[in-house]
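One structure is given here, and the rest of the page talks about it.
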């Protein structure tokens, strides 16, 4: 299988959203940029901030859309086309209501599961054949509270759990970049 060449973090732009649960994907790519000592650069034709990091002997593009979550596909499709990267070589990091804070899973292919960023990406691509990093943020318990939940800030304990999950995901990233998704999934999904 082809290795990763593009890692996208989903979230909403703007200072009022920085620390919200919905921005778990931004937190992941921001952590990679910081860890690798890189900086984001605004690329207006891609509707995103972009950076490059060197992982497992490969240069990998990072993309952080400046569009709102439900319009993420525009930026992602622009990046895929500009860099001539196949969707199968892309990892999209996003918040996941179905997992508690601290849980994180890799997945390939599938639907959007109600996640509006994924909904837009799959609509514009015409399929869901790309990798996802599903970062648990928990569920408020009732569907009527979902919007305020995802746009709310995690508690201190939830933040600690989410940060630990993002760290575990970054540890397996070299395997995914090298194309060993089974190995990355096994390592990430195995609780020690």
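Residue positions begin at 1 at the first shown residue.
Cβ coordinates are placed from backbone N, Cα and C, and glycine is handled just like the others.
These features come from Swiss-Prot:
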ACT_SITE  22  active site, proton acceptor
BINDING   17, 68, 70, 116  tRNA binding site
SITE      12  site 'Discriminates between blocked and unblocked aminoacyl-tRNA'
SITE      95  site 'Stabilizes the basic form of H active site to accept a proton'
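The least crowded of the recorded positions 12, 70, 116, judged by other CB atoms within 10 A of its own CB, is 70. Of the chain residues outside the tRNA site list 17, 68, 70, 116, 12, 22, 67, 69, 71, 72, 117 have their Cβ within 8 Å of the site's Cβ mean position. Among the record's tRNA binders, 17, 68, 70, 116, no two C-alpha atoms are more than 16 Å apart, and one pair sits at exactly that spread.
The CA atom of residue 70 (tRNA binding site) is located 9 Å away from the CA atom of residue 12 (site 'Discriminates between blocked and unblocked aminoacyl-tRNA'). Within 10 Å of residue 12 (site 'Discriminates between blocked and unblocked aminoacyl-tRNA'), as judged by C-alpha distances, the recorded positions found are 22, 68; the full candidate list was 22, 68, 116.
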